[in-house]
Amino acid sequence: MADIWQTIAGEFSDIADIHEATVVAVRLFMATILGAVIGFERELRGKDAGLRTHMLVSLGAAIFVLVPVTAGMDAPEVSRVMQGIISGIGFLGAGAILKQGHDVKGLTTAASIWVAAAVGVAAGYGREATAVASTLIALFVLAVVARLEK
């Protein structure tokens, strides 16, 4: 029985100590909350991609960056991960865009999904101030600039 517990403990040894576990948890939580801020605005406007979608996109992007960073990968490897996130989220955002005749809908939501991913990347990479500032700017664009357009 001790062997089983030792094996299980070994599977969770990727986080070496409480400090690293706290850093990981804070980064993931921050990415999720900041994604929620962007998603909440979309939710208030009744858009299909709202709160949960933006939270999960931001969390997922943070995980994709955090894993190679905490595994000790070099900048070129992390850069390739970021390139993959950018491309992948582009496909997800494209699914939010609908064209009916000359009318195109969903461009802003697609862009907000892309920004949520970027915020997640920033939070996951440990650039919390960048993540917060980017979220505030995105919220300004979504909430304030939208009123100016009308």
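Backbone N, Cα and C atoms are what each Cβ position is placed from, and that goes for glycine too.
These features come from TrEMBL:
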- 21-39: transmembrane segment (TRANSMEM)
- 28-150: domain 'MgtC/SapB/SrpB/YhiD N-terminal' (DOMAIN)
- 51-69: transmembrane segment (TRANSMEM)
- 81-98: transmembrane segment (TRANSMEM)
- 107-125: transmembrane segment (TRANSMEM)
- 131-148: transmembrane segment (TRANSMEM)
Hey, which bits of the same chain come close to the transmembrane segment (131-148), Cβ under 8 Å, at least six residues off its ends? 30-31, 34, 37-38, 41-42, 108, 112, 115, 118-120, 122-123
Over the domain 'MgtC/SapB/SrpB/YhiD N-terminal' (28-150), what is the model's mean pLDDT? 91
Per DSSP, what is the helix/strand/coil residue tally across the domain 'MgtC/SapB/SrpB/YhiD N-terminal' (28-150)? 97 helix, 6 strand, 20 coil
